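*Asks:* Below is a structure I'd like to ask you about.
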Amino acid sequence: MDEARKLKIAAAAEALTYVKDGMRLGIGTGSTAEEFVRLLAEKVKGGFRVIGVPTSERTAKLCEELGVALTTLEETPHLDLTIDGADEVDGELSLIKGGGGALLREKIVAAASDSMIVIADQSKVVETLGRFPLPIEVNRFGLGATIRAIEAAAVKCGLAGPLNLRLKDGSPFLTDGGHYIVDASFGRIPDPKTLSDALFAIPGVVEHGLFIELARAAIIAGTDGIRTMNRS
(Lines of atoms letter the chains of each structure in order from A and count residues from 1; the text may use other names and numbers.)
(Lines give C-alpha, C1' and ligand atoms only; values in the text may rest on other atoms or scores of the structure.)
Protein backbone atom coordinates (compact mmCIF):
# COMPACT_ATOMS: atom_id res chain seq x y z
CA MET A 1 0.00 0.00 0.00
CA ASP A 2 1.43 3.40 -0.94
CA GLU A 3 1.96 6.17 1.61
CA ALA A 4 -0.79 8.40 0.21
CA ARG A 5 -3.43 5.73 0.71
CA LYS A 6 -2.17 4.98 4.22
CA LEU A 7 -2.71 8.64 5.13
CA LYS A 8 -6.22 8.64 3.67
CA ILE A 9 -7.10 5.54 5.68
CA ALA A 10 -5.66 7.09 8.84
CA ALA A 11 -7.78 10.24 8.44
CA ALA A 12 -10.87 8.16 7.66
CA ALA A 13 -10.32 5.97 10.73
CA GLU A 14 -10.08 9.03 12.98
CA ALA A 15 -13.28 10.45 11.47
CA LEU A 16 -15.07 7.21 12.21
CA THR A 17 -14.62 7.88 15.94
CA TYR A 18 -17.03 10.82 15.58
CA VAL A 19 -19.78 8.60 14.16
CA LYS A 20 -22.24 7.33 16.75
CA ASP A 21 -24.67 4.43 16.53
CA GLY A 22 -27.95 5.51 14.95
CA MET A 23 -26.55 8.58 13.20
CA ARG A 24 -27.85 10.00 9.93
CA LEU A 25 -24.73 10.58 7.86
CA GLY A 26 -23.82 12.57 4.81
CA ILE A 27 -21.24 10.50 2.94
CA GLY A 28 -18.81 12.31 0.67
CA THR A 29 -17.22 11.63 -2.68
CA GLY A 30 -13.60 10.98 -3.63
CA SER A 31 -10.78 8.63 -2.76
CA THR A 32 -10.52 9.63 0.92
CA ALA A 33 -14.29 9.45 1.42
CA GLU A 34 -14.25 5.99 -0.14
CA GLU A 35 -11.75 4.81 2.47
CA PHE A 36 -14.19 6.10 5.10
CA VAL A 37 -17.03 4.09 3.50
CA ARG A 38 -14.94 0.91 3.60
CA LEU A 39 -14.15 1.37 7.29
CA LEU A 40 -17.76 2.28 8.07
CA ALA A 41 -18.97 -0.85 6.29
CA GLU A 42 -16.79 -3.01 8.54
CA LYS A 43 -18.49 -1.51 11.61
CA VAL A 44 -21.92 -2.00 10.03
CA LYS A 45 -21.15 -5.69 9.56
CA GLY A 46 -20.62 -5.85 13.32
CA GLY A 47 -24.06 -4.44 14.07
CA PHE A 48 -23.35 -0.69 14.00
CA ARG A 49 -26.45 1.16 12.80
CA VAL A 50 -26.21 4.20 10.54
CA ILE A 51 -28.09 5.48 7.53
CA GLY A 52 -26.39 7.60 4.92
CA VAL A 53 -27.09 10.11 2.18
CA PRO A 54 -24.46 9.74 -0.56
CA THR A 55 -23.18 12.81 -2.38
CA SER A 56 -22.74 11.06 -5.73
CA GLU A 57 -23.87 8.05 -7.72
CA ARG A 58 -20.34 6.66 -7.32
CA THR A 59 -20.54 6.84 -3.53
CA ALA A 60 -24.05 5.36 -3.58
CA LYS A 61 -22.82 2.39 -5.61
CA LEU A 62 -19.94 1.72 -3.19
CA CYS A 63 -22.25 1.94 -0.15
CA GLU A 64 -24.72 -0.47 -1.74
CA GLU A 65 -21.94 -2.93 -2.60
CA LEU A 66 -20.59 -2.84 0.97
CA GLY A 67 -23.92 -2.95 2.79
CA VAL A 68 -24.18 0.62 4.14
CA ALA A 69 -27.87 1.55 4.35
CA LEU A 70 -28.88 4.61 2.35
CA THR A 71 -31.64 7.17 2.41
CA THR A 72 -32.38 10.45 0.60
CA LEU A 73 -32.79 14.05 1.70
CA GLU A 74 -36.46 13.73 0.77
CA GLU A 75 -36.89 10.94 3.32
CA THR A 76 -34.32 12.30 5.80
CA PRO A 77 -33.93 16.06 5.29
CA HIS A 78 -31.87 16.61 8.44
CA LEU A 79 -28.52 14.88 8.97
CA ASP A 80 -26.35 14.65 12.07
CA LEU A 81 -22.94 14.68 10.43
CA THR A 82 -21.26 14.75 7.03
CA ILE A 83 -17.83 13.23 6.45
CA ASP A 84 -16.17 14.31 3.21
CA GLY A 85 -12.80 14.96 1.65
CA ALA A 86 -11.43 18.19 0.19
CA ASP A 87 -9.09 19.28 -2.57
CA GLU A 88 -7.80 22.14 -0.43
CA VAL A 89 -8.36 23.38 3.12
CA ASP A 90 -7.05 26.60 4.64
CA GLY A 91 -6.56 27.68 8.25
CA GLU A 92 -10.13 29.01 8.50
CA LEU A 93 -11.46 25.67 7.20
CA SER A 94 -12.58 27.23 3.95
CA LEU A 95 -12.37 24.55 1.28
CA ILE A 96 -12.05 23.93 -2.40
CA LYS A 97 -14.03 20.85 -3.35
CA GLY A 98 -15.34 19.37 -6.56
CA GLY A 99 -12.35 17.65 -8.07
CA GLY A 100 -14.51 14.54 -8.25
CA GLY A 101 -17.35 16.45 -9.89
CA ALA A 102 -19.89 16.15 -7.05
CA LEU A 103 -19.70 19.68 -5.61
CA LEU A 104 -23.41 20.52 -5.90
CA ARG A 105 -24.63 17.45 -4.05
CA GLU A 106 -21.73 17.71 -1.60
CA LYS A 107 -22.73 21.25 -0.65
CA ILE A 108 -26.44 20.41 -0.39
CA VAL A 109 -25.68 17.48 1.92
CA ALA A 110 -23.21 19.46 4.03
CA ALA A 111 -25.73 22.28 4.47
CA ALA A 112 -28.38 19.77 5.59
CA SER A 113 -26.07 18.48 8.35
CA ASP A 114 -25.55 19.67 11.91
CA SER A 115 -21.82 19.55 11.25
CA MET A 116 -19.28 18.63 8.61
CA ILE A 117 -15.91 17.02 9.22
CA VAL A 118 -13.31 17.07 6.46
CA ILE A 119 -10.79 14.26 6.06
CA ALA A 120 -7.58 14.84 4.12
CA ASP A 121 -3.85 14.31 4.07
CA GLN A 122 -1.33 17.04 4.81
CA SER A 123 -0.81 17.84 1.11
CA LYS A 124 -4.31 19.37 0.97
CA VAL A 125 -3.60 22.01 3.63
CA VAL A 126 -2.74 25.44 2.18
CA GLU A 127 -2.18 28.92 3.54
CA THR A 128 -4.41 30.45 0.85
CA LEU A 129 -6.90 28.65 -1.39
CA GLY A 130 -6.32 28.52 -5.12
CA ARG A 131 -3.44 26.21 -5.92
CA PHE A 132 -6.05 23.64 -6.96
CA PRO A 133 -8.27 24.85 -9.83
CA LEU A 134 -11.69 25.97 -8.61
CA PRO A 135 -14.50 23.81 -10.03
CA ILE A 136 -17.53 25.83 -11.14
CA GLU A 137 -20.66 23.87 -12.07
CA VAL A 138 -22.52 25.56 -14.91
CA ASN A 139 -25.67 25.07 -16.94
CA ARG A 140 -25.02 23.65 -20.38
CA PHE A 141 -27.18 26.34 -21.97
CA GLY A 142 -25.31 29.54 -22.74
CA LEU A 143 -21.90 28.15 -21.85
CA GLY A 144 -19.93 30.80 -23.74
CA ALA A 145 -21.81 33.65 -22.10
CA THR A 146 -21.41 32.08 -18.67
CA ILE A 147 -17.66 31.67 -19.09
CA ARG A 148 -17.40 35.30 -20.19
CA ALA A 149 -19.35 36.38 -17.11
CA ILE A 150 -17.10 34.28 -14.84
CA GLU A 151 -14.03 35.95 -16.35
CA ALA A 152 -15.52 39.40 -15.75
CA ALA A 153 -16.50 38.56 -12.17
CA ALA A 154 -13.01 37.25 -11.47
CA VAL A 155 -11.40 40.44 -12.77
CA LYS A 156 -13.56 42.50 -10.39
CA CYS A 157 -12.19 40.32 -7.57
CA GLY A 158 -8.63 40.93 -8.74
CA LEU A 159 -8.30 37.43 -10.20
CA ALA A 160 -7.52 36.04 -13.64
CA GLY A 161 -6.49 32.75 -15.17
CA PRO A 162 -7.49 30.03 -17.61
CA LEU A 163 -11.03 28.64 -17.51
CA ASN A 164 -11.12 25.10 -18.86
CA LEU A 165 -14.21 23.05 -19.61
CA ARG A 166 -13.70 19.71 -17.87
CA LEU A 167 -13.57 16.80 -20.29
CA LYS A 168 -13.94 13.05 -19.92
CA ASP A 169 -12.96 10.73 -22.76
CA GLY A 170 -12.85 13.70 -25.13
CA SER A 171 -16.36 14.96 -24.34
CA PRO A 172 -17.59 17.45 -21.75
CA PHE A 173 -17.77 15.90 -18.28
CA LEU A 174 -21.35 15.73 -17.00
CA THR A 175 -22.17 15.95 -13.31
CA ASP A 176 -24.81 13.72 -11.74
CA GLY A 177 -27.16 16.68 -12.20
CA GLY A 178 -26.42 16.89 -15.93
CA HIS A 179 -24.30 20.06 -15.80
CA TYR A 180 -20.85 20.99 -17.07
CA ILE A 181 -17.87 21.92 -14.90
CA VAL A 182 -15.48 24.75 -15.68
CA ASP A 183 -12.16 24.51 -13.82
CA ALA A 184 -10.86 28.00 -13.03
CA SER A 185 -7.11 28.35 -12.46
CA PHE A 186 -7.13 31.71 -10.70
CA GLY A 187 -4.14 31.05 -8.47
CA ARG A 188 -4.30 32.49 -4.93
CA ILE A 189 -7.82 33.42 -3.80
CA PRO A 190 -7.24 35.80 -0.86
CA ASP A 191 -10.96 36.59 -0.38
CA PRO A 192 -13.02 33.43 -1.03
CA LYS A 193 -16.26 35.00 0.27
CA THR A 194 -16.17 37.88 -2.22
CA LEU A 195 -15.49 35.50 -5.11
CA SER A 196 -18.24 33.18 -3.91
CA ASP A 197 -20.79 36.00 -3.90
CA ALA A 198 -19.68 37.18 -7.35
CA LEU A 199 -20.02 33.70 -8.86
CA PHE A 200 -23.46 33.14 -7.34
CA ALA A 201 -24.64 36.37 -9.03
CA ILE A 202 -24.07 34.81 -12.48
CA PRO A 203 -27.28 33.19 -13.80
CA GLY A 204 -25.48 30.33 -15.57
CA VAL A 205 -23.51 29.27 -12.49
CA VAL A 206 -25.26 26.41 -10.70
CA GLU A 207 -22.71 26.00 -7.88
CA HIS A 208 -19.01 26.42 -7.18
CA GLY A 209 -16.42 24.55 -5.17
CA LEU A 210 -15.77 27.17 -2.48
CA PHE A 211 -17.11 25.75 0.80
CA ILE A 212 -17.12 28.58 3.33
CA GLU A 213 -18.19 28.22 6.98
CA LEU A 214 -19.48 24.70 6.39
CA ALA A 215 -16.72 22.55 7.89
CA ARG A 216 -16.57 22.34 11.69
CA ALA A 217 -13.30 20.43 11.79
CA ALA A 218 -10.68 18.93 9.50
CA ILE A 219 -8.85 15.72 10.33
CA ILE A 220 -5.44 15.91 8.70
CA ALA A 221 -3.18 12.87 8.35
CA GLY A 222 0.55 13.37 7.95
CA THR A 223 3.65 11.24 8.26
CA ASP A 224 3.98 12.48 11.84
CA GLY A 225 0.45 11.46 12.80
CA ILE A 226 -3.07 12.88 12.95
CA ARG A 227 -4.03 16.44 13.84
CA THR A 228 -7.43 18.07 14.01
CA MET A 229 -8.05 21.61 12.80
CA ASN A 230 -11.08 23.38 14.26
CA ARG A 231 -12.87 26.43 12.92
CA SER A 232 -12.38 29.46 15.14
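The backbone N, Cα and C atoms fix where each Cβ goes, and this holds for glycine too.
Pulled from Swiss-Prot, these are the listed features:
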- Glu106: active site, proton acceptor (ACT_SITE)
- Thr29, Gly30, Ser31, Thr32, Asp84, Gly85, Ala86, Asp87, Lys97, Gly98, Gly99, Gly100, Lys124: substrate binding site (BINDING)
*Asks:* Just name the most isolated of the binding-site residues Lys97, Lys124, going by other Cβ atoms within 10 Å of its Cβ.
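*Replies:* Result for the binding-site residues Lys97, Lys124: minimum number of other Cβ atoms within 10 Å at Lys124.
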*Asks:* Give the residue from the binding-site residues Ala86, Gly99 that has the most other Cβ atoms within 10 Å of its Cβ, counting over every protein chain displayed.
*Replies:* Ala86
*Asks:* Of these binding-site residues, Thr29, Ser31, which scores lowest on Cβ atoms within 10 Å?
*Replies:* Ser31
*Asks:* Can you give me the Cα-Cα distance between Lys97 (substrate binding site) and the residue listed as 'active site, proton acceptor' in Å, rounded to a whole number?
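*Replies:* Given the Cα positions, Lys97 (substrate binding site) is 9 Å from the residue listed as 'active site, proton acceptor'.
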*Asks:* With the substrate site defined by Thr29, Gly30, Ser31, Thr32, Asp84, Gly85, Ala86, Asp87, Lys97, Gly98, Gly99, Gly100, Lys124, which remaining residues of that chain have Cβ atoms positioned within 8 Å of the Cβ centroid?
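*Replies:* For the substrate site, the extra neighbours are Gly28, Ala33, Ala120.
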*Asks:* State the Cα to Cα distance, in Å, between Thr29 (substrate binding site) and the residue listed as 'active site, proton acceptor', rounded to an integer.
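*Replies:* Cα of Thr29 (substrate binding site) to Cα of the residue listed as 'active site, proton acceptor' measures 8 Å after rounding.
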*Asks:* Check each residue in the chain of Asp84 (substrate binding site) that is at least six apart in sequence and keep those whose C-beta is under 8 Å from its C-beta; list them in sequence order.
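*Replies:* Once residues fewer than 6 apart are set aside, Asp84 (substrate binding site) is near Gly26, Ile27, Gly28, Thr29, Gly30, Ala33, Thr55, Lys97, Glu106, Val109, Ala110, Met116, Ile117, Val118, Ile119.
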